[in-house]
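Listed features, source TrEMBL:
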ACT_SITE  134  active site, proton donor
BINDING   57, 97, 134, 139, 140, 141, 152, 155, 158, 169, 240, 241  cob(II)alamin binding site
BINDING   188, 191, 194, 247  [4Fe-4S] cluster 1 binding site
BINDING   198, 214, 240, 243  [4Fe-4S] cluster 2 binding site
BINDING   220, 222, 280, 281, 295, 297, 298  tRNA binding site
DOMAIN    178-208  domain '4Fe-4S ferredoxin-type'
Ligand code: B12
Ligand code: SF4
Ligand code: SF4
């Protein structure tokens, strides 16, 4: 079979299995990306979540010998939630970013890629194929850009003309020499809205991210959050969408093409206080199916405490005091102490002083001492 016909058949088939956009690119070395990754590494701008071997990241042949092409796929996800519960004064809520709504997207895209692999292997049994989504070595965005899925925006996202940037990306390296598609021209122009909207200045310039400052990254760390960022993350308990919601290319776009991507509003906009005491089992049952739980419950709980401080939720004081007294993890105790300093008044001073005497962890103790100081100053004012 000739590759042009096969390409057409693949495109047609992809539409029947819930792939919203498909593109083809060569498996040549990603030279520009290689330089970019080196720069990012030198500047210490990387998150540490990406594959560290730059050669593997940029040379598809190292991942699949005799690689000739890459098939890129994109699936659009919803940007608006139906029946979102309100965050009220009595019942404050946190928010998971849109990329964590519904079933974990890794499963959904892998399912589509497996179907596509089976289809291709039926036509070309000797073909060799290697698929990946997010956790693979390749840069999903660089592949998507090369394959004509979308352009690389100043917010770093791949923006498709059809679905905006709310698309998940995945790809398949193949040994079949498919004719490549043409990349889409940059359409950001003079717009700079995402850079201006970023709460932490993480977009140091259009298309360049310092991950260490990015709220999406910070919500996924497990240690103490530097104080300057605690006040910036607001009620985001996983991920951040600000540079995408600000983007005019996403305006009015909201796709509900995949039932499994529909969020459970109570899960992705959860009540904050119950998160503080949630058991491992309950956490796994409730949040296990969504991608935002991949770092476990500790970062989510830490972020929930920060969100309660953001809301200055006085009704959370008993919960925070309990955490301060009983939680076995210093990060959680220390962050609760910080939150009590933000929310509380003199009435929590005694508890903080007792906690200070008990505390064995140096960092947690530093947080408690700082919090006592804040409260004393409040009392004097
Ligand atoms: C590490 C990682 C992160 C890190 C770092 C993000 C980053 N911008 O580098 C953190 C934790 C911060 C993160 C956050 C998010 N992520 Co993330 N992440 C990844 C991961 C695993 C690797 C990304 C990477 O290698 N970055 C390094 C940079 C240097 O390369 P790159 O962005 O991949 O490639 C572009 C640049 O190199 C640029 N470039 C190349 N040369 C040059 C030269 C110049 C001069 C310039 C300006 C640019 C430039 O062009 C490439 C193509 O766009 C990918 C999955 C994967 N395996 O690729 C998902 C991925 C990028 N994330 C994704 C998502 C959805 C997000 C969030 C939106 C989630 C959220 N709502 O919180 C945020 C967005 C933050 C942002 N503004 O980028 C999607 C993006 C989908 C899309 N439409 O673009 C991906 C592709 C996962 C997936 N399979 O769907 N992520
Ligand atoms: S995800 Fe949030 S913090 Fe990160 S670059 Fe975008 S707006 Fe800035
Ligand atoms: S906000 Fe403007 S500059 Fe940023 S990605 Fe969207 S169109 Fe490009």
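The backbone N, Cα and C atoms fix where each Cβ goes, and this holds for glycine too.
TrEMBL: automatically predicted annotations, no manual curation.
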Item checked: Contact set, same chain, for the domain '4Fe-4S ferredoxin-type' (178-208): CB under 8 Å, 6 or more residues outside the stretch -> 3-4, 6-7, 23-26, 40, 45, 68-69, 71, 145-156, 159, 161, 214-215, 217-218, 229, 232-234, 240, 242-249
Item checked: Distance [Cα-Cα, Å, rounded] between residue 295 (tRNA binding site) and residue 191 ([4Fe-4S] cluster 1 binding site) -> 34
Margin query: Measuring Cα to Cα, how far is residue 243 ([4Fe-4S] cluster 2 binding site) from residue 194 ([4Fe-4S] cluster 1 binding site) in Å?
Written below: 4
Margin query: At a 10 Å cut-off from the C-beta of residue 158 (cob(II)alamin binding site), count the other C-beta atoms across all protein chains.
Written below: 21
Item checked: Structural state of residue 158 (cob(II)alamin binding site), classified by DSSP into three states -> strand
Checklist line | Least surrounded among the binding-site residues, given as 152, 220, 280, when other CB atoms within 10 Å are counted | finding: 280
Margin query: Cα-Cα, whole number of Å: residue 247 ([4Fe-4S] cluster 1 binding site) versus residue 240 (cob(II)alamin binding site)?
Written below: 13
Checklist line | For residue 152 (cob(II)alamin binding site): DSSP state (helix, strand, coil) | finding: strand
Next item on the list: Report the binding-site residues (152, 214, 240, 281) that meet this criterion: Cβ distance to the nearest atom of ligand 1 under 6 Å. Use sequence order and write none if nothing qualifies.
Entry: 152, 214, 240
